[in-house]
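What TrEMBL says about this protein:
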| type | residues | note |
| --- | --- | --- |
| ACT_SITE | 176 | active site |
| ACT_SITE | 226 | active site, proton donor |
| ACT_SITE | 296 | active site |
| DOMAIN | 31-197 | domain 'FAD-binding PCMH-type' |
């Protein structure tokens, strides 16, 4: 379906708030990204089902974003439909030692709720700035923990508009990977198996991690978090630092002076600037040390025409 037809179709559907040509720089943590043809803020699961039915029926490409914290949208933007899951999909409940949170819930918020409730297992998530849905999709991790360690099951909405339950084994978890990367679906909610913990002790440990992040990561500047996956046996940030690349800048994109695995937007950065920095790092690390660095960040969209 052509761009204008897609816009017309969604402008006349009851699927939530519909915005046309919405700059995605407003919705990514990097503050970078061209426009989405159609940007939708659904408020109910019925809205989500209808969106999936329409995109499937008319073969319209679609993308789902939460906080946009692990995402680089190219300067030409995204064709098709972009859905944003936010506060309308952020409910959380605890039954026994199982915490269930909707896909739009902040993963940090879910982790803090668990800690206050005296449940351990999600402390690592206090270092992950995305949503529960995004974290499940990419098997997000930090501080030695990752989603696959605690996920029990999740409910997803398929491209055909069907709600499906997926058990842990169905997700084929690997390092920063789940099957949802290859077979896209919307995570409606996820349940995590936790264990009793001392709230004060967990809070103290999390506080230590937060202070370390504040000292070693550029948290005050727009970024996506870690850009590269860590190669076996070493850390991407360490390689970048040893190669003397910290502080390197192209346009408005700069390798952080604090941490080699962060690229920050110093103001007005374009996706093209970031991509050039990524390519420079990959080329340099390959030449100097023989490592192939692979982006952890999800790169989508089209170049400017």
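Along the chain as shown, the residues are counted starting at 1.
Each Cβ is built from the backbone N, Cα and C atoms, and glycine gets one as well.
Positions of TrEMBL features highlighted on the structure.
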{"residue": "176", "record": "active site", "Cβ neighbours (10 Å)": "18"}
{"residue": "226", "record": "active site, proton donor", "Cβ neighbours (10 Å)": "21"}
{"residue": "296", "record": "active site", "Cβ neighbours (10 Å)": "19"}
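Distance noted between the C-alpha atoms of residue 176 (active site) and residue 296 (active site) is 7 Å. In this structure the alpha carbons, written CA, of residue 296 (active site) and the residue listed as 'active site, proton donor' are 7 Å apart. A mean pLDDT of 96 is what the model gives for the domain 'FAD-binding PCMH-type' (31-197).
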